[in-house]
């Protein structure tokens, strides 16, 4: 079993390549998708101005109000069903769900977050409807995998305490699921060839090397490296960070094109 995570830019620019490639893979697949650019498009169409915040670490992320959460759910559900229907039309036995369905991903809403304001100062604001995954109900995945070959998962989670779905980071969802079911391989696809140092792709990293390198590279990729290291240390065989915009993107990554994080 493998997990594949595709980022929002891959969803927008290279989705058909990914779907066709996954349809030709002879393995069980959990596909976790993003779609931030599409969420932004729909938000603006509905007359809602999207808000983004920057953390002290320099990571820019969507600030999800209750109103925008509704748009987020709508857009992610659309992406999910588009992917699932295309896979089914290619003869694959696929199902599309969100992380909130069946309580697959249980999360806690961030009550407050620290952001950098327009003056460059730290400020504490209400957390909105963004969450952090606290638990993965792996039995949901295990049961569905007895019935389906491919599970397409939207990055939503369930806040049991407040009985509401939450926007969660797609990478976080993919890493959490991978650790919980201890998959053979987690493939992270974005619009770059892998982890770049001085313009060149780093071919291979141990978890320890990944953690060390995370201190020296930019926001976004540094989080991927930290989560990759933790995943490998917790039972995932290997994590591969590669390009989602080339031909056969998943197969190419499985052929170890990109950055491979693995023990030893």
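Yeah, the Cβs are placed from backbone N, Cα and C, and that goes for glycine too.
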One of 60, 62, 137 listed by Swiss-Prot as binding substrate at the site of 35, 36, 167:
62
In whole Å, how far does the CA atom of residue 224 (site 'Transition state stabilizer') lie from that of residue 36 (substrate binding site)?
17
Can you tell me whether DSSP puts residue 167 (substrate binding site) in helix, strand or coil?
strand
How big is the Cα-to-Cα gap, in Å, between residue 167 (substrate binding site) and residue 5 (site 'Transition state stabilizer')?
16
Quick one: Cα separation, residue 35 (substrate binding site) versus residue 5 (site 'Transition state stabilizer'), in Å?
11
Cα-to-Cα gap, residue 36 (substrate binding site) vs residue 5 (site 'Transition state stabilizer'), nearest whole Å:
14
